[in-house]
Amino acid sequence: MNGFACKSSTTVQADDFSLTGLHIPGNTRNAVGAAVTAVTVTQITGLNTLGISMGRIDFAPWGINPPHTHPRTSEILTVIDGSLEVGFITPDNRLISKTLQKGDVFVFPVGLVHYQRNIGNMNAVTISGLNSQNPGVITIGNAVFDSKPDISTDILAKAFQVNKNIVQQIKGKF
């Protein structure tokens, strides 16, 4: 029904319901300075049909989890360490943002574009809960500038009201 096969009760094992290693920081040595460790039905088959998942996000100093959306879930984020700026865009293009500290919680409504940014000089860590076993993620920059096949440079230049050379330069980053 959701693309994932159910196991028969005779083949289910404890390992279908567990994952080890979430305490290990993700590699933030990348262009955005963040790493997401997903815990979805792909990693824990026992999540199939349960309607929940989670993730750990590690941030280098000033690292970001770029603007993205989850088409099938709302998200609740808890700051475990560090301080973050978080925000989402409402359907009428209003930014709702807040600075969070260790122990603070923030909710991102289903389907809305949102982001997180470490605003400190130390690493930051969050844990997110999601109300889908397979929330999906669409990172806006990747979707627009790295689609296969490509969106026409003419279309993107007009949409973003910039020169075609700028669009080509941005596409080159992805």
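Glycine is treated like the rest: Cβ placed from N, Cα and C.
Per TrEMBL, the features are as follows:
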type	residues	note
DOMAIN	20-168	domain 'Cupin type-1'
BINDING	ASN65, HIS70, GLU75	oxalate binding site
BINDING	HIS68, HIS70, GLU75, HIS114	Mn(2+) binding site
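Overlay of TrEMBL annotations on the structure.
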residue : record               : Cβ contacts under 8 Å, 6 or more apart
ASN65   : oxalate binding site : VAL32, ALA34, VAL36, ILE57, PHE59, TYR115, GLN116, ARG117
HIS68   : Mn(2+) binding site  : VAL113, HIS114, TYR115, VAL137, ILE138, THR139, ILE140
HIS70   : oxalate binding site : PHE108, VAL110, GLY111, LEU130, SER132, PRO135, GLY136, VAL137, ILE138
GLU75   : oxalate binding site : VAL107, PHE108, HIS114, SER128, GLY129, LEU130, PRO135
Averaged pLDDT, computed only over the residues in the domain 'Cupin type-1' (20-168): 97
HIS114 (Mn(2+) binding site), number of other Cβ atoms within 10 Å: 23
Other same-chain residues whose Cβ falls within 8 Å of the Cβ centroid of ASN65, HIS70, GLU75, the recorded oxalate site, in sequence order: GLY55, HIS68, THR69, LEU77, PHE108, HIS114, SER128, LEU130, PRO135, VAL137
Env. residues of Mn(2+) site, Cβ within 8 Å of mean position of HIS68, HIS70, GLU75, HIS114 Cβ: THR69, THR73, PHE88, PHE108, LEU112, VAL113, PRO135, VAL137
